[in-house]
Amino acid sequence: MPVLLPSTDRDQDSRVGAPEWHQAAKATSRKAHLLTDRCGKEAVTMWQPKDSVLDPNVAHHLGRAAYMEPWRFRVEMLKGGGTVEKPPPGEGVTLWKGKMKPPAWYARLPLPMHRDARAQQTAEVVHAHARGARLTAARLGRAQHQINGQLRLLLRQREATDRRLSEVRKGLLINEQSVKLRGYRPKCEKIPDKADSMLVWEREELKSMKRKMEKDMERSEALLKALASCRDTLDFYCQERLQAVGLMNQPLDKVLEQAGRHSWVDITRPPTPRTQGLKTPPPDPVGAYTPACAKALFEAKRLLMESKDILAELAKNEVDIQNQQQEISDRVCNSLAQKMRETLELKERMTMTLGLMRGTIHRCMKFNQEMYVTRGLIKGPLLKRDLEAREKLNRPLVRMYQRHVGTQLPEATRLAQGTDLLTRHNLQMEKNLKELRTTHDNLAWSLNCKKIGHDVDYDVVRLRLRQLHPHVCYEQAKRLINDWDPRTPPPCSRTNTSSK
C-alpha cells in the first residue's frame, strides 16, 4: 500500500537543501511525469476510440467523467410503474456488472494481419470501382434504351408528318389541277366568282401549311440527329464501362434496382420502396462516373424532355393540319357544288326560255307564211283575163259612176295602201324572225356554255374527291399535270409509250 509522504513545501528559510537541488529534483519529476503521460497515451494510440481526444482546457478527471457519462445505462420507466436499465444504443462492449457500455475501439493498423488487411482493402477498392463501373454502365445502358425508344417514337411521328406533308403537296397539285380544269370553261363562264376566290384561298392556305410542315420536318430532323449522337455517346461510354465488368454475372437491371430506380434519365418515376436507393456518386475524373458520363446523362435527360414536348407538338400540328385541310377541301367542294346548283337553275330557266322562244319562232314563221299567202291573194291574178267581173273597173256601172268629176272610186288606192301595209308588216316579221333566230342561237350557245361549265365543275368536284382519297399517292396525282389540252388527243410519243 502506498505511503503518502509529507509535503515538502515548507518555508524557504527552513529548507536545508539548496534551491538548485530542489529545482533539479522537481524538473526531473515533472519530466518523468510528462514522459509517463505521453507514453501512456502513445501506448493506446494504435487502439482507441475515434473520439477519445479530451479538451486540454478542462481538468483531466472532469473531462474523463464527462467523456464516460454517455457510457452509463439509462433508466426508463415502464407502463406498470417500474423501471428498467438499458444500455445506450450504438456499437461497443456492454459491461452488465459495471452498468456501462464503452464504445468500440478501432485500430489504426490492423495488427497483426496488416498485409491481409491491406490486400482486403485493395480488393474492396477494386470491387467498389467495379460496382461503380457496373452501376454507371447500367445507368448509361438504360438511358440508351430510353433514347432508342424516343428515337423510334420520333421516327414514327416523322413518318406521319411526312405523310401529312405529302397530302398537303397533293392538295396543292389538286388545286392546280382544279384551276387548270376550270380554265377549259367557255369564255363567258370564266367570270371570276367565289369558287375561284376559294381556290386561290385554298392555295395560299396549303402553301402556309406546307411551310409549317417543312419546318416541323426540319426540327424533327435536327432532334433526330441530336438523339442519334447522344445514343452513340452513351453506347461508347457504356461499352467502355462494360470492359471492367465483362466477367460479372449480375445483370444491369438488378444494379438499377439496387440503386432504387428503374431509369436514370426519367427521374420523375418514384424509386422502388423495397430497396434502399444508392445516392448519385459525384463525378470523379479518375473514377467510374466521370464528368463526361455525367454530361452525357444530363444531355440525354434534356433531350428526352425536349423530345417529349416536340413529339406532342408535332402530333398536334399533324392533327390540326389534317382537320384544317379537310375543312378547306370541304369548303371548296361546297362552293363548287353551290356553283353547280346555280348553273343548273340557270340552265333550267334558259331551257324554258329557249322552248318558249322556239314556239314563238314557229308561230311567227307560220304567221309570216300566212301573211305572204294573204299578200299574194291581195295582189290578185297575174293576167287580166283571170279577174272576176266584180273586180273589173271598166264594167258599165263603174264607168257610168266615174263619168262625172269627183266621183272617182278609191278602190285602187286602198288596194295599193293595203298591199304596202302588208308588205311592211311582212318585212317587220322577217326582221323579228331574224332577231329571234339570232337570240335563239345565242341562248342555245349560252345554254351549251352553261352545260359545259356545269360539267367542268362536276368533273372538278369528282376529281377532287377521287384524288383526295388516302389511297391516291402524290406520284399518281402528279401524273395528271400535263401541258396539253385534255379535249385534244395526246402526243404520239405518249401514245406509243403507253401502247408499249
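Along the chain as shown, the residues are counted starting at 1.
Cβ coordinates come from backbone N, Cα and C, glycine included.
Under the heading region 'Disordered', Swiss-Prot lists 1-25 (among others).
Annotated phosphoserine per Swiss-Prot: S14, in sequence order, evidence recorded as a large-scale study or a structure entry. Long-range C-beta contacts of S14 (phosphoserine), restricted to its own chain and to partners at least six residues apart, with a cutoff below 8 Å, are absent. In the three-state DSSP classification, S14 (phosphoserine) falls within a helix.
For 198-229 (among others), the entry in Swiss-Prot reads coiled coil, with the evidence type sequence analysis. For the coiled coil (198-229), the model's pLDDT averages out at 94.
Under the heading region 'Disordered', Swiss-Prot lists 265-286 (among others).
The feature phosphotyrosine is assigned by Swiss-Prot to Y372. Taking Cβ-Cβ distances under 8 Å and a sequence gap of 6 or more within the same chain, the neighbours of Y372 (phosphotyrosine) are N426.
Annotation source Swiss-Prot lists coiled coil at 422-448 (among others), citing sequence analysis.
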